[in-house]
């Protein structure tokens, strides 16, 4: 196990974007898988199969879309606002929550709708954006406070990925909620 961890550490240091992408994507898919295991295997009688196309969509979103955005965002944020002074942390929190999060939610809802080939790629976003953003404030502001105070910069995306495991469980739950008819 120690050899594996050293090898992963070397890979992560040499290829931080790829390392972050693998970890974040795995956690992202893991969150959806845990949701499906509960909703499709435990709460459904008879149990249903795991929805693999949905897992694939979450893999694309977590590995190839969110991970590079987050990697570059935190790299820029730490370079632009170095340190852990209270005023720096507050700036990072405000920028993260009110500049980055809204586009990420739009990307999530419209990207998933696009991959699902829904007739309107914006309808779900329109209906679910505000309540999801409110939930994100309650979840991410405390999580990001810990991130910016305690986590070394090279591990920010992995930390956020770990938190995202819980957050994506919330997003999966929101995504499964029925939309209002837009007639």
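Using N, Cα and C of the backbone, Cβ positions are placed for all residues, glycine too.
Listed ranges 139-156, 157-174; the one TrEMBL annotates as transmembrane segment is 157-174. Cross-referencing 55-74, 115-134 with TrEMBL places the feature transmembrane segment at 55-74. Residues 57, 61, 65-66, 69, 73, 77, 81, 121-122, 124-125, 128-129, 132-133, 136-137, 140-141, 144, 171, 175 of the same chain lie 6 or more positions beyond the ends of the transmembrane segment (94-112) yet place their CB under 8 Å from a CB of it. Nonlocal intrachain contacts for the transmembrane segment (55-74), taken as residues 6+ away from its ends with a CB within less than 8 angstroms of a stretch CB, comprise 16-17, 20-22, 24-29, 31-33, 36, 96, 100, 104, 107-108, 111-112, 115-116, 153, 156-157, 160-161, 164, 168. Sequence-distant contacts of the transmembrane segment (157-174) (same chain, at least 6 residues past either end, Cβ-Cβ under 8 Å): 20, 23-24, 26-28, 30-32, 34-35, 58, 62, 66-67, 70-71, 74, 108, 128, 131-132, 135-136, 139-140, 143-144, 146-147, 151.
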